[in-house]
Amino acid sequence: MGNRGGKAAAATEVKHMSSGAIDGGHSGIRTNLVQGRKLNPGHSLWDIYEKGRILGHGMTGHVQLITHRETKEVFALKAMDMELMNPELLDDLRNEIGLLRVLDHPNVIKLVEYYEDSSASQMYLILEYCSGGELFDQLKAQPHDKFPEATAAVLVHQMLSAVAYCHKMGIAHRDLKLENFLFEKPWAASGSIPSLKLIDFGLSKKYVQEGGAIRRMKSMVGTPYYISPETLDRSQKYDEKCDIWSIGVLAYMLCSGRAPFKGRSDDEIVASVRRGKYTLSSRYWDGLSELAKNFVRQCLQYYPSRRPSAATLLTDPWMLAVRKAGFGPDGIPRPLHADVLANLRDFSQFNPIKRAALEVIAFSMTADSIAALRGEFAKLDTGDSGTVTHAEFTEALKRQGVSAEEADHIFSGMDQDQTAEVSYTEYLAAALSSKVYRDEARLREAFRRLDVDGSGTITAENLASIMGESYSNERIKAMIAEVDWKGEGSIDFEEFMALFKDESSSLVREVGGAKTLVQAGLQATAADAGAVAGHRHSAASAGGVDSTISSHSTGGPVTRVADMVAKSNTTGGTLEGGPGTPSARGSAISGLGAVAEAAEDEEHTSSDGGAALAMRVKEGADATGPAAAAAAAAAGPA
């Protein structure tokens with residue numbers, strides 16, 4: 001087995017490439033897992049992945065499906081010819097990679113890894129694949145180009161949760177629009193509303209600097225229908241509240257099927273945005289609740305200082321109705337599934353290297369593999385912040401009879417980056433079923449990622465580059481010594497696999513001043529392993545809970561939101577504006593009064609000034625522009 005681990009790493013002979021991390025922020029395992037690697041001459045990306053069908057071509061490259069040779073997980077590959085990219089596009093690309101490395105949220109697209117070829121002319125981004133297509137297309141497919149209010153509320157909640165997390169990380173997206181939200185899977189295959197993913201961080205900006213200093217923004221970027229008035233004003237700088245305005249526009253569109261700010265051209269739309277006048281009293285808002293209207297009013301406050309933060313909006317009554325739909329009949333969040341709680345308990349007892357390997361495995365898994373576990377995460381993240389605080393975790397486990405002391409111990413084991421919060425991927429790592437992480441293909445892939453330099457062993461330098469700044473050199477060396485029973489100063493594949501043979505397979509004893517590994521029960525039967533763990537439960541799913549969670553469901557969130565939203569026929573104010581719909585793809589804009597077309601976006605504008613959703617021109621659209629990193633990748637079958 002040791003040779004197989006080394007062979008998997010040597011097949012590509014990769015060299016660690018500068019990751020281009022953004023300034024500030026905590027460098028932990030999840031961030032460092034997004035490795036940038038440079039392929040040596042004679043070696044190919046296809047040593048790791050199998051080619052799939054092409055999803056789209058563009059001015060700078062193409063997007064296609066790929067399958068990991070070992071794990072069989074499917075991803076989207078964005079291949080770009082950097083020699084065809086101007087300096088501005090290259091800057092956007094580097095910015096997007098840097099931001100995606102640090103973002104870890106169920107509703108934000110995931111960058112898995114990226115490669116550069118030996119000539120530095122080609123860049124390959126490996127992204128999670130979203131097969132459900134764009135929110136734009138799904139909205140257009142609805143009767144009257146709008147969603148039922150309860151459905152719209154669920155979708156807005158997902159979008160707002162992603163934006164609130166980005167703002168918590170000090171990042172303003174600056175180009176929120178229908179085309180920049182993808183569905184994880186098709187609606188028909190989901191059985192319910194599928195999860196949305198926020199994409200395209202090419203225009204995004206980190207506005208909170210190291211030390212907490214706020215850097216206000218001044219670049220005129222965005223898309224006409226969604227851009228905020230202050231972004232258009234070159235005489236002033238703006239902040240993250242520009243995203244709140246865009247959320248208001250999106251909520252307006254989803255509920256009414258119309259755009260709040262309209263025009264026959266981009267210039268007319270921009271002029272309408274500058275005036276800031278819209279209406280909630282047209283026939284398109286008949287039957288919609290005052291809760292929905294009030295949410296839109298708050299987001300579309302003309303002056304940004306009057307707009308609530310994204311975190312505050314998550315506590316708005318319209319959003320709380322969505323949140324409470326997932327609670328039990330007593331209004332209390334539902335308890336964690338027993339299997340998940342058992343897995344969290346086990347995880348806290350594992351060797352640190354084993355815990356790190358499980359985070360690698362969790363990070364590399366596709367959305368389908370962890371769907372049930374994501375629902376369990378929401379039971380812990382009661383504040384919708386995208387992370388789990390110590391207080392949230394303790395309170396959730398308290399409801400299940402777990403003492404504060406034990407909850408603290410479990411939490412400490414999960415918080416591998418030592419940030420006093422548990423990130424989404426840290427949670428997934430702890431919640432995984434042993435049936436998943438004992439899969440040899442997944443373990444080989446985890447070993448490959450931990451073996452950063454492709455040497456065939458995991459060295460102290462490799463671990464230090466992955467574990468992050470909270471792990472000292474002494475601690476790293478101690479972690480290796482605990483697993484290195486061959487005494488070679490590094491971990492080979494055989495030693496790595498021994499960690500997963502049994503939940504309590506080995507211990508280190510001090511004998512005569514020297515460390516000797518005593519392997520106990522490496523060939524233990526499944527029954528013996530179950531007796532040691534004490535609380536393992538079998539399940540048919542990847543996360544160990546899919547087959548049983550459904551039996552605890554009492555109805556989807558849309559059904560219950562519909563019951564909870566107070567309907568009213570009361571109309572809004574008397575603001576100006578008339579019928580109109582969101583046009584086809586909006587173009588990104590930059591510069592005073594200028595609208596720069598995004599390479600991937602083309603549109604036909606309807607002759608009636610946008611009275612009906614325009615049909616997009618898909619042929620020839622650039623599927624690979626930096627501003628559309630995952631959009632084309634997730635477009636699904638042509």
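Every residue, even glycine, has its Cβ placed from backbone N, Cα and C.
The average per-residue pLDDT of the prediction over the domain 'Protein kinase' (49-319) is 94, rounded to a whole number. If you look up TrEMBL, you'll see 49-319 marked as domain 'Protein kinase'.
Look at TrEMBL and you will find LYS78 tagged as ATP binding site. The secondary structure of LYS78 (ATP binding site), as reduced to three states from DSSP, is extended strand.
Within the same chain, residues 73, 104-106, 157, 161-162, 164-165, 168, 185, 195, 311, 314, 323, 326, 332-337, 340-341, 362, 410-411, 420-424, 427-428, 431-432, 436, 541-543, 545-546, 549 sit at least 6 positions outside the domain 'EF-hand' (368-403) and bring their C-beta atoms closer than 8 Å to a C-beta of that stretch. For 368-403 (among others), the entry in TrEMBL reads domain 'EF-hand'.
Taken from TrEMBL, the feature domain 'EF-hand' covers 438-473 (among others).
Taken from TrEMBL, the feature domain 'EF-hand' covers 474-506 (among others).
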The DSSP breakdown of the domain 'EF-hand' (368-403) into helix, strand and coil residues is 22 helix, 2 strand, 12 coil
Neighbour count, 10 Å Cβ-Cβ cut-off, for LYS78 (ATP binding site): what number do you get? 30
Please list, for the domain 'EF-hand' (438-473), how many residues fall into helix, strand and coil according to DSSP. 20 helix, 1 strand, 15 coil
